[in-house]
Amino acid sequence: MVHNIGVIGSGLMGLGIAQVAAQSGLQVRLNDANADALQDAITRIRKGLERLRDRDRLDGDVDTILTRIHLTTDLQEFAQSEVVIEAISENEDLKRGLFAQLDDICAPHTILASNTSSISITNIAAATSRPEYVVGMHFFNPVPAMQLVEVTRGIATSDTTVDKITQLGEQLGKTVVQAADTPGFIVNRILVPMLVEAIYAYQEGAASREDIDQAVRLGLGHPMGPLTLADLIGLDTLLAICDVYYRGFGDPKYRAPILLRRYVTAGWLGRKTGRGFYDYSSR
Ligand code: NAI
């Protein structure tokens, strides 16, 4: 059993991972380079817990769960964490820089896990002196609601590390699947080409954004349409994923639509900035 974890990056994913870990009784240190993002995260975690409580779906009490989450901007506080889960922006240089720092700070047997959607675990692990302790632990958005975790191994990840992270996933109430270190692992390898195709369809005027979403919901039985889902994921994150796949597979099917690139340049990143394919400013 793991008793304490560190989570680095308190955006959409990091705050969800911290919430679920605290709900499961673990002590959590939550870090972000941006102190405002940390404050925002704890407010959102409280709201998420209160929503669950109001629907009678929370084991335990909101304030007790929140006392298990310690906010910090100081990476040195991760020296004694049993497992550190990284959920910072989807950028390989940033992640490699962070893993090199954690390698210096953390105890020698601390497992360093990445929630990356697309970046090679082998590449991230190569920035450390402990590649056998580096692993992918890929959660899905929103973390409290989504059942799956993909555990992904880099070329040097040890069986013991994979077993421990699989057990941690189960301790957090998730179902775990294991995947090799190929771009996109399992789910995103299948999902991202569909999202990209939906954006091309919209860009080319094949249908309105509402009709594209409605068609996929009703015609394929998906809970939400692909453009709505792209907005939920974050268009910057989706663009970064496309670029990694395009380089990784060398396959034009992953070439990012120009419209996606324009939206990201304009700061239209989806729900998190209030505008993406849809306008969320008044919602
Ligand atoms: P986000 O943009 O919401 O949050 C990223 C956070 O990382 C920001 O608060 C930022 O201030 C912080 N950050 C950036 N560099 C940092 C550093 N060096 N040290 C500490 N904090 C730093 O991003 P999101 O969506 O939470 O994604 C995080 C990771 O999770 C990415 O690798 C992404 O690919 C992955 N992921 C995202 C999913 C999604 O649906 N958005 C789903 C599954 C995985």
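Note: Cβ is positioned from N, Cα and C throughout, glycine not excepted.
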Going by TrEMBL, G9, S10, G11, L12, M13, G14, D32, E90, K95, N141, K272 bind NAD(+); tell me which of S117, S208 is listed for that site too.
S117
Just how many other Cβ atoms lie inside 10 Å of the Cβ on K95 (NAD(+) binding site)?
22
Close to ligand 1, in the sense of Cβ under 6 Å, among G9, D32, K95, N141 as binding-site residues, are G9, D32, N141
Can you tell me how the residues of the domain '3-hydroxyacyl-CoA dehydrogenase C-terminal' (184-280) break down into helix, strand and coil by DSSP?
66 helix, 3 strand, 28 coil
